[in-house]
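Listed in TrEMBL for this protein:
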type	residues	note
DOMAIN	B:42-72	domain '4Fe-4S ferredoxin-type'
BINDING	B:52, B:55, B:58, B:107	[4Fe-4S] cluster 1 binding site
BINDING	B:62, B:97, B:100, B:103	[4Fe-4S] cluster 2 binding site
DOMAIN	B:88-117	domain '4Fe-4S ferredoxin-type'
């Protein structure tokens, strides 16, 4: 065990770092979406628009904080905090680089890291559901209903595809899983599982083309329709930090984590995560939002059987080898 | 379906690296069309006399009631315009104006002209009612028209063509 003050310092640094990465992820998403659409994106605040996140932050802080008259005030206030807290807490168990020397990279190193991570990220749906319910609006309620249904249908497939990795690695500790990929990353050994997991994390983070809980064309803003100012910002942060968490998880599970030639581990890790985040944005720029019933069909009738097949195959190979 | 997906991703990725179509507006301006109708101006002859003779036809022609003209008799010793009368007061309410250009067509002396200027934002409604002081100017396009030669109707001729003919008139 590390001293409590060391853990505290590491936590503060982690949260600050996540906020910073979130701010620039948002900027780069807007930039890149612009590029994908033959525009240039934000470029007025500072060189290359680099101060845009700070301008946005100031704008959001100065906005009026509205609570609908019919809303449940306590739950309404609590819901965005749950979302943000859960998103931040999930990163605790993700190591960024191998631990050598007196100070470890990750904050916590439980021996069932993945299970804890999955449990925490699954809680994120409460923030969305409660927020949509407490706002007492039709759009918000529909948005939160969608998010629950979506979470149920995609987390199963995600968990199943992940078990294949756990079988190959023979451990649920993230460090061990990364170490097991020293020669070949699991994305090569488990291409199907990798694809399913990729699709599921897009759905899990409510990103386009699975952004049905927000669905601005039909649900205004979905679960965050009524939210303004800082509370809205919390939801926003939660969504992007979830993206970072999921991209990090994917890197560790399928892309060999921090391992790579020449460059230091942290750089490799950051590079891989950045590439996955780029893929997230690329997906958003390319695919339209899919219809709700098709989303359900796809989750239950395509992804789940495929994930089961993948799991069975892997299990057979592991058992015979 | 997979093929279509691949084509879609390829298209967006191509766009990502393609040159962008955005024009960085205040620094770089898109060329306006030749028939572009922007801010009005009241032109003068080369000797400084106003071309407007206060006939009020523009006011009558205006479908949006944006133009107000009040004419007054010229002082023969010190005339404002070559005609009998001149525009004592001339106001265009740009908040009402629809930039249709009917006033320009109605003007018998070619005094009124819609320039290419379109950056007309102001901080108050009042300042968007342009008076004589801001409309009459030895302006960008009109200053070189010589005395008593009325310019041709501008219609939809290319701008360069118009400028060339104006310079010819000025030279002659």
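Any Cβ shown, glycine's included, is placed from N, Cα and C.
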Environment of B:62, B:97, B:100, B:103, the listed [4Fe-4S] cluster 2 site - residues of the same chain whose CB lies within 8 A of the CB centroid: B:58, B:61, B:63, B:64, B:66, B:67, B:92, B:98, B:99, B:101, B:102
Rounded inter-Cα distance in Å - residue B:62 ([4Fe-4S] cluster 2 binding site), residue B:52 ([4Fe-4S] cluster 1 binding site): 16
Distance from residue B:58 ([4Fe-4S] cluster 1 binding site) back to residue B:103 ([4Fe-4S] cluster 2 binding site), taken between C-alpha atoms, in Å: 4
Cβ atoms near residue B:52 ([4Fe-4S] cluster 1 binding site) (within 10 Å, other residues, all chains): 27
DSSP state at residue B:58 ([4Fe-4S] cluster 1 binding site), helix/strand/coil: helix
Helix, strand and coil counts within the domain '4Fe-4S ferredoxin-type' (B:88-117) (DSSP): 5 helix, 9 strand, 16 coil
Separation of alpha carbons, residue B:100 ([4Fe-4S] cluster 2 binding site) and residue B:107 ([4Fe-4S] cluster 1 binding site) (Å): 14
Nearest-integer angstrom distance between the alpha carbons (Cα) of residue B:58 ([4Fe-4S] cluster 1 binding site) and residue B:97 ([4Fe-4S] cluster 2 binding site): 12
Which of B:58, B:62, B:100, B:103, B:107, all binding-site residues, has a Cβ with the fewest other Cβ atoms inside 10 Å: B:100
Between residue B:97 ([4Fe-4S] cluster 2 binding site) and residue B:52 ([4Fe-4S] cluster 1 binding site): CA-CA distance (Å): 19
Residue B:55 ([4Fe-4S] cluster 1 binding site) CB neighbourhood, other CB atoms within 10 A: 18
